[in-house]
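Novice: My questions will all concern the structure given below.
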Amino acid sequence: MKLLPSVVLKLFLAAVLSALVTGESLERLRRGLAAGTSNPDPPTVSTDQLLPLGGGRDRKVRDLQEADLDLLRVTLSSKPQALATPNKEEHGKRKKKGKGLGKKRDPCLRKYKDFCIHGECKYVKELRAPSCICHPGYHGERCHGLSLPVENRLYTYDHTTILAVVAVVLSSVCLLVIVGLLMFRYHRRGGYDVENEEKVKLGMTNSH
């Protein structure tokens, strides 16, 4: 029964010592975390120097501290990579966005700049092909054909018939004028001949 107070006292002292040691180790670990940005690998602390030898409880505390140190090393080594990967992802997204903006440009400005000869190019997204809006007087896929003006057949027919009628009328008028002149000359010549014959007859009678 006298041994029980001494055993309890020893256990209490061991617990106090372990608490002090763990407090110092945690303080050092916090300092290491504060300096972890400049030096990602924290200095290794030997648990043999921190904890006194002896007892299964001290060994358990030592194992827990080593496990905590390993976890801290893993977190410190993984934090810079975790910080670096989002930057890479953001940079990749920016590049993809830049490529997307380039794809949205009008292909008629660069690729199909000289596609339409006599017209304006217009890219049809549904067909994924360019089309041309031709200037007046041109036709074709690339506005390369010259379209001649088409005359109205009815108009040309009326025009030719009018010209033919005018020509016939003018020719008939000319013929009538010529016939009239010939008839006038013939009648005048016939009257002159009759007068001459009468004069000849009168002269012959006077001579008898």
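The backbone N, Cα and C atoms fix where each Cβ goes, glycine too.
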Novice: According to Swiss-Prot, which candidate among Cys108, Cys143 shares a disulfide with Cys121?
Specialist: Cys108
Novice: May I ask you to name which of Thr75, Thr156 Swiss-Prot has annotated as O-linked glycosylation site?
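Specialist: The residue tagged O-linked glycosylation site by Swiss-Prot is Thr75.
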Novice: From the disulfide entries in Swiss-Prot, identify which of Cys116, Cys174 pairs with Cys132.
Specialist: Cys116
Novice: Tell me, what is the mean pLDDT of the domain 'EGF-like' (104-144)?
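Specialist: Average per-residue pLDDT within the domain 'EGF-like' (104-144): 89.
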Novice: As a quick check of your reading of DSSP, tell me how many residues in the domain 'EGF-like' (104-144) are helical, how many are strand and how many are coil.
Specialist: 3 helix, 14 strand, 24 coil
Novice: Sorry to bug you, but what's the C-alpha spacing from Cys134 (disulfide bond) to Cys121 (disulfide bond), rounded to the closest Å?
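Specialist: Cys121 (disulfide bond) to Cys134 (disulfide bond), Cα-Cα distance: 9 Å.
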Novice: Checking the disulfide-bonded residues Cys108, Cys116, Cys132, which are within 10 Å of Cys143 (disulfide bond) at the Cα level?
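Specialist: So far as Cα distances go, the disulfide-bonded residues lying within 10 Å of Cys143 (disulfide bond) are Cys116, Cys132.
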